[in-house]
Every structure is written in structure tokens, then in C-alpha cells.
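Peer 1: Found this in TrEMBL, in case it helps:
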DOMAIN    1-260  domain 'G-protein coupled receptors family 1 profile'
TRANSMEM  7-29  transmembrane segment
TRANSMEM  49-70  transmembrane segment
TRANSMEM  91-113  transmembrane segment
TRANSMEM  149-175  transmembrane segment
TRANSMEM  196-217  transmembrane segment
TRANSMEM  237-263  transmembrane segment
Amino acid sequence: MELSKSTVYYINAMSVANILLVLSITVFRDIFYFNIDGLISWPNVFCCIANWVYFFAVYSVSWLTVAFTFDRYVLVCCSSLKIRYCTVKTTAIVITGVYMVSLVAALPAAFMYKMQPSNSTYNSSLICTLRKDLDTVSFLGVYEYSQTIFWNILPLALVVFFNSLTAYFVYLSSLARRALKGDGKEDPEVAKRKRAIILLVIISFAFVVHNTPKMIIKVVERLGYLSNFDRNNYAHPVAITRIVANMLIISCNFTNLCLFSLAMPRFRQEFRRGAVYILSPFCKLIK
């Protein structure tokens, strides 16, 4: 099935954000934090920039998923609005807006982290971690709590909401058209609508499943935050759950990248050609 240009734009935009998020997590938050911090004394500005990039990617992934979900909802459910909204120009404006707002919204997060001594018994050097005096900085304290809402809770709620409306509309329309046409007759319009939401359902399901644990642990941290809590103390159940939630987010990004690639007809065509080219010598040997 050939994808529309607006769908391709959303897939490309989400792919870029996913790649940036994977790089920021693996390079800055794993290799940088745990393997380099103990060897080299980095300036505090590096810590700020690393987290700015990370949260920019996180916000972009979350809200591009919401934007794509809303776009599919309008396409399937709003026949009058889709003529004006589901266009290449509107899609480009929405994607650019999400990127720009995410870049600005992530800026305060850069000041939430700084180089400070680790409480771990295995590493007493300076590491880039969350500031322990957030409660004393009123702006950062408010931003920290609002971050949980606009990063975790609200995107998940909107994705579930619009997907539920879309699925319910498709279900009702299929029942109505089946009653008019009679059972046993295939309706091309219903089949077209179902195909339009297959990719949406897969992306949304992966997003909800992989990000729900992160939302729960964020809420737990915000409601029961302690100034002396060490996120790098992996004997603490909250710290362990955080790591598991981050692993789920990384796996979601890799899954999405594979899914976005396979969704592109040109990629599938080139993939088949490459597979045939590689496997053809072995097939000749077997014959």
C-alpha cells in the first residue's frame, strides 16, 4: 500500500527524533555518564547540553506521535476538516512547530542537571546527574512537575483518546455500511479505512506500552521525591524501575525505526533486492 506524502513526512520526522533519542541515551546517558565521567572532569556546560539534547528528542518523539495520531483521526473521522488539515503544507507546519516548541521547552531541563559528586560507593567522582537542590529553585521545581504532565501523562492520554475515537468510528461505520450492503459483501471503503489505521495502531500501541512504566515511575518520583535520593543507587527499587523503564523506551525507539523503515515501499523494494542479491549464490550452491 502506497503511503501518502503527509504520512511519509510524519514517519521521517519521527525517525529523525527516534535516532536522536537513541544517540542521546546511549552516548550521553550511558557511555558518557558511567564510563567517561569517572575518568575525565568535564565542564558543567557539557552536562547541560547533553540533557538539553536528550529532552528535546524526548519531547519531539512524544508529541510527533500525538500529532500523527491526531492526523489519522482527522483523516478517518472528520470528512470536512481533513480537506484542509491533512495536507502536505499543514503537515510540514505541524512537524516544524513540534520541533521548535520541543527545542524551547527542553531548554530549562539543561539547568536541572549538573556535575556533582556521586553517592555510590563504587564511584566517588563527579557525574552529570539531577540537581539535589531543585526545591530551592522555584522555577526549576515548577518545571520539574510540569515536565511529568507534558512529557508523560498528557501525550499518553491523548494517544489513547484519539485512537479510541478512531477505532470506535471505524467500527460504527463498518456496521452501518454492512447493514446497507448486506453481509458477505466486501466494502472497499471500510477496508481502506482499516488499512489507514493499521500503522497508527501499531505505532500507538508500542508508544503506550513502552512509555507507561516511565510515566508511573515519574509520578512516583515526583510525589515522593527526596532530596537525598540517589538515582545511581541500583539497590533502590525506584532506581531499578527507572532503568527498566529507560530500557523499554530505547527498545521502543529501535522497534519504531525498524517499523518506519519497513513501512516505506522504497525501502522494502531495496531490501528485497539486497536479500535476493546476497542469497542467490547460496541458492545456486544448494541447487
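Just so you know, glycine gets a Cβ as well, placed from its N, Cα and C.
Heads up, TrEMBL stuff is auto-annotated, nobody curated it.
Note that this is a predicted model, so its numbers are computed, not measured.
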Peer 1: As a test: from 7-29, 49-70, 91-113, pick the stretch that has the greatest number of Cβ pairs under 8 Å with the transmembrane segment (196-217).
Peer 2: 49-70
Peer 1: I'd like to know the mean pLDDT over the domain 'G-protein coupled receptors family 1 profile' (1-260).
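Peer 2: Across the domain 'G-protein coupled receptors family 1 profile' (1-260), the average pLDDT comes out at 77.
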Peer 1: Who are the long-range neighbours of the transmembrane segment (91-113) in its own chain, taking Cβ under 8 Å and residues 6 or more past its ends?
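Peer 2: Apart from its flanks, the transmembrane segment (91-113) reaches 5-6, 9-10, 13, 47-52, 54-56, 58-60, 63-64, 67, 71, 128-131, 134, 139-140, 143-144, 147, 150.
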